[in-house]
Amino acid sequence: MAMPTIRHVRAFIVRGGGADYHDQPGGHWIDDHISTPMARYPEYRQSRQSFGINVLGTLVVEIEASDGTVGFAVTTGGEIGAFIVEKHLARFLEGQLVTDIEKMWDQMYFSTLYYGRKGVVLNTISGVDLALWDLLAKVRKEPVYQLLGGPVRDELVFYATGARPDLAKEMGFIGGKLPLQHGPAEGDAGLRQNLDKLAEMRSRVGDDFWLMYDCWMSLDVPYATRLAQAAHEYGLKWIEECLPPDDYWGYAELRRNVPRGMMVSTGEHEATRWGFRMLLEMQCCDLIQPDVGWCGGITELIKISALADAHNVMVVPHGSSVYSYHFVVTRHNSPFAEFLMMAPKADEVVPMFTPLLLDEPVPVNGRMKVPDAPGFGVRLNPECALVRPYAR
């Protein structure tokens, strides 16, 4: 069978949830008083939206093949990403065989090197790459995980990220990751409140349930060290993304400082094999958390995972729903997955990209069999208003 070529590439934007999961209405736990790099300024401390965390919005990339098959994916990128796709990246895709994903990734990355490398450009490349994998799998009438070598386990097991680990335990998750609420600018009183919250949750969940703290790039080495050492009393399993992503030296120091048995994790805001090579070779962490929608897509995550495996470091992708599920189920060094609790009070399981995607699977009792529908197995919700700002 002759493989089809790529006929059209289209980029859309949408507001209100979706891949930009911070784009939520008021009262959501994800926009509460959470420690951030901007929390050093009191006026930006109470809400993450106050400093613009949700300004980008969701980017939807749609790729149509010459046989009419359509692949798509969503990521964070919004109108900036749509511009990059339509004005720059589309030229490297249209007319190419749907199988030539490695070549297309290479051309997208190196053509944007002078203004890209990380951030919104890599988010955009990631979205295109995921759409290419969705397209190829649909052409072959297979789930993406079969293109990646097939599953190595029957089902995924999950920990939950959200404000209520105690409720996550009742729902069957293996652990709960809390957002850290107070950073260095709030002093010893804030540190005490962080520890009190951890102690409260430990008393609720017992000793056999993982508890972790997500620090979202907001700490420095001295504060993170104090937090880790004091939190050890409450059995903190790992401390996540304490420092700015580029502070590899700080991460290496922190990993030496934390109590024995506690893990340091990071990588949510890192990109490409070269960024993760720094983390791995400098022994910055015990597990890495690439986001497949930001780090370079499936094509790059394959390389990142192989690097980590050679360093005996686990790969636990950040969020990203079906895009990470199809990868995690195929890799031994990804023994569990993250589920982001998108219910406003973190009190029920709802799809991560709701309301944008239809057929998006969710864990039941903390477990999931990855669906075997072609591609990533999801559809765009026709009730979500997509806008194509740079139609060609």
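Backbone N, Cα and C atoms are what each Cβ position is placed from, and that goes for glycine too.
Feature annotation from Swiss-Prot assigns substrate binding site to His22, Arg48, Glu338. The secondary structure of Glu338 (substrate binding site), as reduced to three states from DSSP, is extended strand.
A strand conformation is recorded for Glu240 (Mg(2+) binding site) in the three-state DSSP classification. Glu240 (Mg(2+) binding site): 27 other CB atoms within 10 A of its CB, across all protein chains. Marked as Mg(2+) binding site by Swiss-Prot on the basis of sequence analysis: Asp214, Glu240, Glu268.
Taken from Swiss-Prot, the feature site 'Increases basicity of active site His' applies to Asp291. Of all Cβ atoms in the shown protein chains, 25 besides its own fall within 10 Å of the Cβ of Asp291 (site 'Increases basicity of active site His').
Under the three-state DSSP scheme, His318 (active site, proton acceptor) falls in the coil class. Within the same chain, residues at least six positions away from His318 (active site, proton acceptor) with a Cβ under 8 Å of its Cβ are Gly267, Glu268, Gln289, Pro290, Asp291, Trp294, Ser324, Glu338. Among the features that Swiss-Prot reports, active site, proton acceptor is placed at His318.
If you look up Swiss-Prot, you'll see Glu338 marked as site 'Transition state stabilizer', on the strength of sequence analysis. The local packing around Glu338 (substrate binding site), expressed as other Cβ atoms within 10 Å of its Cβ over all shown chains, amounts to 23.
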- Task: Out of His22, Arg48, give me whichever of these binding-site residues has the highest number of other Cβ atoms within 10 Å.
- Result: Arg48
- Message: Give me the count of other Cβ atoms within 10 A of the Cβ belonging to Asp214 (Mg(2+) binding site).
- Response: 23
- Item | Cβ-based neighbourhood (8 Å from the centroid) of the Mg(2+) site, residues Asp214, Glu240, Glu268 excluded | Lys177, Cys215, Trp216, Glu241, Ser265, Thr266, Gln289, His318
- Taking His22, Arg48, Glu338 as the record's substrate-binding set, what's the max Cα pairwise distance in Å, rounded to a whole number? 21
